[in-house]
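Peer 1: Take this structure first; my questions come after.
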Amino acid sequence: MTTLGTPLSPSATRVMLLGSGELGKEVLIALQRLGVETIAVDRYENAPGQQVAHHARTITMSDPEQLKALIEAEKPTLVVPEIEAIATPMLQQLEDAGVVRVIPTARAARLTMDREGIRRLAAETLGVPTSPYKFCDSLAELQAAIDAGIGYPCIVKPVMSSSGKGQSKIDGPADVQKAWDYAMAGGRVSHGRVIVEGFIDFDYEITLLTVRAKDAAGAVQTRFCEPIGHVQVSGDYVESWQPHPMAPAALQKAQQIAEAVTSDLGGQGLFGVELFVKGDEVWFSEVSPRPHDTGMVTMATQWQNEFELHARAILGLPVDTSLKSPGASAVIYGGVDATGIAFDGVAEALRVPGSDIRLFGKPESFAKRRMGVALVHAADTGTARRLAKDAASRVKPRKA
């Protein structure tokens, strides 16, 4: 039986989130509803999750000594990475020394912090289908990889980046230099490394939210949410919907791939597994060992949304991945470059049938920064997508 304490008392169950953006904020709220004391960590002050947590801490999470000092000072029960830009070797060191338990595991955090670790695990160790790929350290290596068999069109991504930053499509030789420069500008490490992938002419792409949680006997079991369809622009999520229809054979393959990858990563929690689908064929793309941006739709569609599932799973509590209603989400962009912006049209957005919105509270807006999301439940996903985009379009961010 799992025992939970009382926040701000000696009995408290204390959870530290490394990364406190909009996804982390919802995880923190889910944890607090279960009586957990929360510590929100980010690289800048007043991050969305810091606005709702019991404690807010601001450090450079990629600095191993800062990270170690904070964990040793706060003594959390669990450390939950919510972003990739973390000193994961230090997390591994602290977990190995018995200082803290990392969710899902320190190894999973390390392997998924960059595209190389997880791609080599999936394709070379586990043998799951992926697009053809090469890793390159220079423009010359990139061109050689394309010429040697990757071919055109292809996709180039920094090995370390988030939210589609630095990702582009190469249609021919004239695009190679531009794609390399864009990847270098968008990566989290200067003079970085890229992955170039052969283009898969897929029918659609999905996120399969996969949950590793304990059953009544205490054994970890794998459960799946209904597939989530989504549209990405330059690798960044724009809208998502659930459920996305899939042929039974394709769904079975998707679940087999997701279970193989997440079982190897181990631990407990929710994973966002991204997959390409063409007919009955399925290819693994990426995995995040945490709630996924496309999964925000579950706040409108599931009895327990992805954040509640993650919170329950990491605490050893029962989970329910079942669907409540079809639904969709659509991103609300900042529209302006400013701090402390205002939002007009909120009432108009909420007049859309079945709608809800989340405004993330990010202190600084950029024209294409995700500042909120519209959520809609409806009788079918087509209706939900139309209404979600309508609701999102009614919110008008502006300089205050």
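Heads up, the Cβ atoms here are built off N, Cα and C, so glycines get one too.
Keep in mind that this is a model prediction, so the values were computed, not measured.
Annotated N(1)-(5-phospho-beta-D-ribosyl)glycinamide binding site per Swiss-Prot: GLU22, LEU23, GLU82, ASP293, LYS362, ARG369, ARG370, in sequence order, evidence recorded as sequence analysis. As annotated by Swiss-Prot, ATP binding site applies to ARG115, LYS157, SER162, SER163, GLY164, LYS165, GLY166, GLN167, GLU197, GLY198, PHE199, ILE200, GLU205, with the evidence given as sequence analysis. Look at Swiss-Prot and you will find GLU274, GLU286 tagged as Mg(2+) binding site. If you look up Swiss-Prot, you'll see 120-315 marked as domain 'ATP-grasp', on the strength of sequence analysis.
Give me the structural setting of these features: burial, nearby parts and distances.
Peer 2: Secondary structure at GLY166 (ATP binding site), as computed by DSSP, is coil. A 10 Å cutoff on Cβ-Cβ distances gives GLY166 (ATP binding site) a total of 26 other Cβ atoms nearby, all chains included.
Around the Cβ of GLU274 (Mg(2+) binding site), the number of neighbouring Cβ atoms within 10 Å comes to 20. According to DSSP, GLU274 (Mg(2+) binding site) sits within a strand segment.
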Peer 1: Just to confirm my parser: what is the rounded mean pLDDT across the domain 'ATP-grasp' (120-315)?
Peer 2: 95
Peer 1: Here are some binding-site residues: GLU22, GLU82. Which one has the most Cβ atoms within 10 Å of its Cβ?
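Peer 2: Within the set of binding-site residues, the most crowded position is GLU82.
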Peer 1: Might you list, by sequence position, any residue in that chain lying six or more from LYS362 (N(1)-(5-phospho-beta-D-ribosyl)glycinamide binding site) with a Cβ less than 8 Å away from its Cβ?
Peer 2: GLY21, GLU22, ALA47, PRO48, GLY334, ARG369, MET371
Peer 1: Starting from the Cα of GLU205 (ATP binding site), work out which of the binding-site residues (LEU23, GLU82, GLU274, ASP293) are within 10 Å.
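Peer 2: So the list reads GLU274.
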Peer 1: Could you check which of the binding-site residues LEU23, GLU274, GLU286, ASP293 is the closest Cα neighbour of ARG115 (ATP binding site)?
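Peer 2: The answer is GLU286.
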Peer 1: May I ask which of the binding-site residues GLY166, PHE199, GLU286 is closest to ASP293 (N(1)-(5-phospho-beta-D-ribosyl)glycinamide binding site) if we compare their C-alpha atoms?
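Peer 2: Nearest candidate: GLU286.
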Peer 1: If you run the three-state DSSP split on ARG369 (N(1)-(5-phospho-beta-D-ribosyl)glycinamide binding site), which class comes out?
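Peer 2: Note: ARG369 (N(1)-(5-phospho-beta-D-ribosyl)glycinamide binding site) is coil by DSSP, not helix or strand.
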